[in-house]
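Structure record follows, encoded as structure tokens.
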Amino acid sequence: MEARALRALGRRRFVLAFALVAFVVAGCKREPAEGGGEVTVAAATSLRKVFPKLSEGFGATHPGVRVRATYGASGELARQIEGGAGVDLVIVAARDPIDKLAAGGHVDAKRARIVATNELVLVGPKGGPKLTFQTLATALPPGEKIAIGEPGAVPAGRYAREALEKLGALQALEGRMVLGGNVAAVLAYVERGEVAAAIVYRTEVPGTSGIEVLDGGKAEWAPKPEVWAAVTTKARAGARADAEALLDFITGPEGQRILASYGFGPIP
């Protein structure tokens with residue numbers, strides 16, 4: 001009797017456990033928006049502030065399409081796509097990651113587009129040393145450091161290194177640089193007061209506190225950052241047309257207006 005009761009209890013527990021697993025799996029399943037589809041976007045960290053507005057604007061004319069975005073360093077996003085990540089549209093902060101993806105057959109280089117431009121600026125904590133790009137190598141106080149993006153992973157870091165090299169300041173600052181994994185991390189060094197200055201995109205500054213722009217990077221020596229985008233070759237059949245439509249929106253009048261309102265420059 002006791003054995004039968006235990007077996008019955010075991011069966012009930014199994015049924016309950018199975019039902020719970022089925023419920024969780026059903027709850028986690030991605031469903032497309034009613035009456036439409038879903039576009040998965042991998043975007044550079046420098047777009048994390050503006051992209052929700054771009055998505056919102058796109059949704060106003062494509063109410064049946066859901067846009068899901070993830071953000072990260074451009075180089076890391078490229079590696080994830082190379083590793084098989086399910087991405088329909090990739091937007092990065094330089095041409096290099098697009099070329100790398102094209103070489104591996106992950107995007108069509110001929111269909112890639114510039115969607116915006118940016119500008120390098122030198123920022124520092126309010127009340128800190130009044131540095132400029134030209135005086136960094138000679139006026140950076142003893143013991144102080146500057147922050148830039150990791151050149152091997154972050155376009156902002158490559159742009160910063162290129163700028164310092166053109167100014168003849170790279171060698172003098174080589175041992176005084178702190179590297180960040182993305183532009184947000186670089187800016188955080190300044191916000192925490194850990195560095196005297198940092199080189200970031202101008203679009204990073206709005207919305208911050210305790211930070212000021214010390215110098216702009218529009219001179220001839222300054223790199224001209226470009227934001228690039230491409231629909232991936234592995235885009236799901238149902239999402240490809242929606243991804244192309246989203247890219248058209250971003251490069252169109254309303255998308256460009258939204259980007260400009262967040263400090264991005266126009267398509268050259």
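Yeah, the Cβs are placed from backbone N, Cα and C, and that goes for glycine too.
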Candidate from Tyr201, Tyr262 that TrEMBL assigns to the same molybdate site as Ser46, Ser74, Ala156, Val183: Tyr201
Distance in Å spanning the most remote Cα pair of Ser46, Ser74, Ala156, Val183, Tyr201, given for molybdate: 14
Environment of Ser46, Ser74, Ala156, Val183, Tyr201, the listed molybdate site - residues of the same chain whose CB lies within 8 A of the CB centroid: Ala44, Thr45, Ala93, Asn118, Gly149, Val154, Pro155, Asn182, Val200, Glu204, Pro225
